[in-house]
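Structure first, commentary second.
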């Protein structure tokens, strides 16, 4: 068979294979010819897929919250936000202090009360210098020298002595003088009326000498310092009964500013002013 004859036999077949199908007829394509269908992922899905890759090895669940999970920590019974249980407030502390006796203050009162009353208190006798001071003030306001001053002059006389009465105190004294003393007082009545108030108000001005005397009562060896042993010796004489050693030690530590275990005169004055 010649070449031309062979081409003539194949020609119709090749032509038939290249013919287009009639209009309206769909010819199925093979799987090899049709590319696989793909859908473009959204940004949200790509982010979710990347998150799964990062956490997939640890087994943690991403995306929506896992069941039972919460941003708040589990409750521990300690109050809001894990705060520790409330401790007893200051009210309970104040209550304990209110019911607890102030042993230091009580000991100071028992120790120094009788001495201070004798040195500064209402029950002590006025000294000659104080009587002279009262006499001078009385005579200053007894302008007619009849031995009396009126209730109107009493306030100014008291201020001259350093005592600063309130208006209510002056009113009470004036009414007392007008009702019981005929509106005026002599010197003895003046001392009886003003003496106790004057002693209370002016003790810090008149009492330096008396404080020295009181300090010497404690300072038995006259070394200018008071020791615990000297306090223990002095207290029975002042109180008629001994004071417990720990109470004395506590009072001494309170005022012992330089920490030498003794009390000098300045510390002694501070101790008396506190109690």
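Each residue, glycine too, has its Cβ placed from N, Cα and C.
Feature annotations, courtesy of Swiss-Prot:
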REGION    1-112  region 'Disordered'
COMPBIAS  1-12  compositional bias 'Polar residues'
COMPBIAS  38-55  compositional bias 'Basic residues'
MOD_RES   42  phosphoserine
BINDING   142, 144, 146, 148, 153  Ca(2+) 1 binding site
DOMAIN    183-200  domain 'EF-hand 2'
DOMAIN    206-241  domain 'EF-hand 3'
BINDING   256, 258, 260, 262, 267  Ca(2+) 3 binding site
Residue 256 (Ca(2+) 3 binding site): tally of other CB atoms within 10 A of its CB: 15
Cβ-centroid neighbours of Ca(2+) 1 site 142, 144, 146, 148, 153, 8 Å, sequence order: 141, 143, 145, 147, 149, 150, 184
For the binding-site residues 144, 146, 153, 260, the one whose C-beta sees the most other C-beta atoms within 10 angstroms: 153
Other CB atoms within 10 A, centred on residue 267 (Ca(2+) 3 binding site): 19
Cα-Cα distance linking residue 262 (Ca(2+) 3 binding site) and residue 148 (Ca(2+) 1 binding site), given in Å to the nearest integer: 51
